Amino acid sequence: MITLVIISALIGFASTKPCDTEGSNTELLLSLNKNLLRSLESQEGLPNPSVHLALRLSNNHNLAKESEHLNRLKNELHNDIQSSLSNSQPVTGVLALYNLALKSSCYDLNTVTFTVNERSEALLTHLKNQMELEKEHIAFSHRPLTNYYQYSLGVLALCVSGIRVNNHVTNKLIKAAEHKQFKHGESESVDTYAMAGMALQCVKDSGSHMQNAAGLDTALSKIKQKLLASHRADGHIGNEFSTGLAVQALLAMGSEVAECAASMEAMRTAARSNAYHNPMAISQTLPALQQTSYMAVKSKECLTEDNTLVLEPLDPVVVSPNQVKVNVMVEVVTSSGAAALYSVRVPKGSSLLEALELLKEENVGFTFEKESSLWGPFLSVVNGEQARQSDRRYWHLSSDDTALTEGVGDFKIEAAQRITIRNTSY
């Protein structure tokens, strides 16, 4: 996933009706909470601020493990962001999530600084600067420096931190909503509509955007209509991995029970079938199932918190000695439209990444490189050709002509199929 791709009920959330908290759902929420906590023990790469945020917004806590993860964020992630800032790389999304993660732990944001070119400035100052760069980029290129998801996340992080968002920054987001510019490739992005909805609702609640109050209301109405119109027959909004953020946004914008009950049930069904095994996916789904959203960070108080969440030992995984193998055809389509076709046999249940690793070992004509993200690894170079975010390109993955909703590390090969890897613009 290229975008961050990357959440709490309003301060006035008490005015909305709860969607469902009864019966066996409590056990399911506890299981998701434990899975998210357990992911801290097996986390590869940098600590994930979205995971921390979801843990902090939960009703159940393991305060010791959360404190350990907070320290990792303040050291490892902080240093990585500082390095990116020093190299003038855009970091709007991850900086905003870091901001939200710290605030969810009631950390004093005024004490968090980054030193760039021997000049030390507060995190919130850097985030405001990033938003100005994004705004200026929209002015001359009609799109953000990163994307509107990260732009919305930046607006939300500033707003819940009590910072007045520049009217010009907010207006860019309002206009993007009005002109349906929240897209990923050719498709409209439910994730972006949801994040923009939370960001603009927070701005509305703060009362700081009076110059264009009518435009703000219109944008919020259009966003809510788009989310409701994106409901599938099974209750999901967009797909099973965008429903969490969508429900958060609907709750934040004051939706009633009838507008979220089907989606809540769809998420619970997906959770019971282990669809949410990626920590990032759980981190966006769990707050929605607990009827909160990223906006709750604004009023978060870290007082008399539950501290009863305990992880039981896991049963050892038994690997079958006689694994069934399936055939996978892999088609690579470059930016010029040239295609190459390969074949590889892999054990049933392998991840797509494992299948590509096997193909790379067996076929001298196929190569690839990957990079890490909060959602896990993603393809950056295939057969020597790059698909870089800076060029507005990515490797689009599909199976038997159906776009994948999971990344290379999460999608499982359960049967013979044709995987297409296409260099695509967005």
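Cβ atoms here come from the backbone N, Cα and C positions, even for glycine.
Nobody curates TrEMBL annotations by hand; they come from automatic prediction.
As annotated by TrEMBL, cyanocob(III)alamin binding site applies to T146, N147, Y148, Y149, Q150, D191, N239, Q284, W395, H396, L397, L404, Y426. The disulfide bond annotation in TrEMBL covers C19-C260, C159-C202. According to TrEMBL, the feature domain 'Transcobalamin-like C-terminal' maps to 349-424. Marked as signal peptide by TrEMBL: 1-16.
Confidence for the domain 'Transcobalamin-like C-terminal' (349-424), expressed as mean pLDDT, is 92. Each of the binding-site residues T146, Q150, N239 was scored by the number of other CB atoms within 10 A of its CB, and the lowest score belongs to N239.
If you take the Cα of L397 (cyanocob(III)alamin binding site) and the Cα of C260 (disulfide bond), they are about 30 angstrom apart, rounded to a whole number. Rounded to a whole value, the Cα-Cα separation of N239 (cyanocob(III)alamin binding site) and C260 (disulfide bond) is 15 Å. Relative to Q150 (cyanocob(III)alamin binding site), the disulfide-bonded residues C159, C202, C260 all have Cα atoms farther than 10 Å away.
Counting every protein chain shown, the Cβ of C159 (disulfide bond) has 26 other Cβ atoms within 10 Å. In this structure, Y426 is the one among the binding-site residues Y148, W395, Y426 with the smallest number of other Cβ atoms inside 10 Å of its Cβ. Comparing T146 (cyanocob(III)alamin binding site) with C159 (disulfide bond), their Cα atoms are 19 Å apart once rounded. Largest Cα-Cα distance over the residues recorded as binding cyanocob(III)alamin, namely T146, N147, Y148, Y149, Q150, D191, N239, Q284, W395, H396, L397, L404, Y426, equals 24 Å. The sparsest Cβ neighbourhood within 10 Å, among the listed recorded positions (C202, C260, L397), is found at L397. In this structure the C-alpha atoms belonging to C159 (disulfide bond) and Y148 (cyanocob(III)alamin binding site) are separated by 16 Å.
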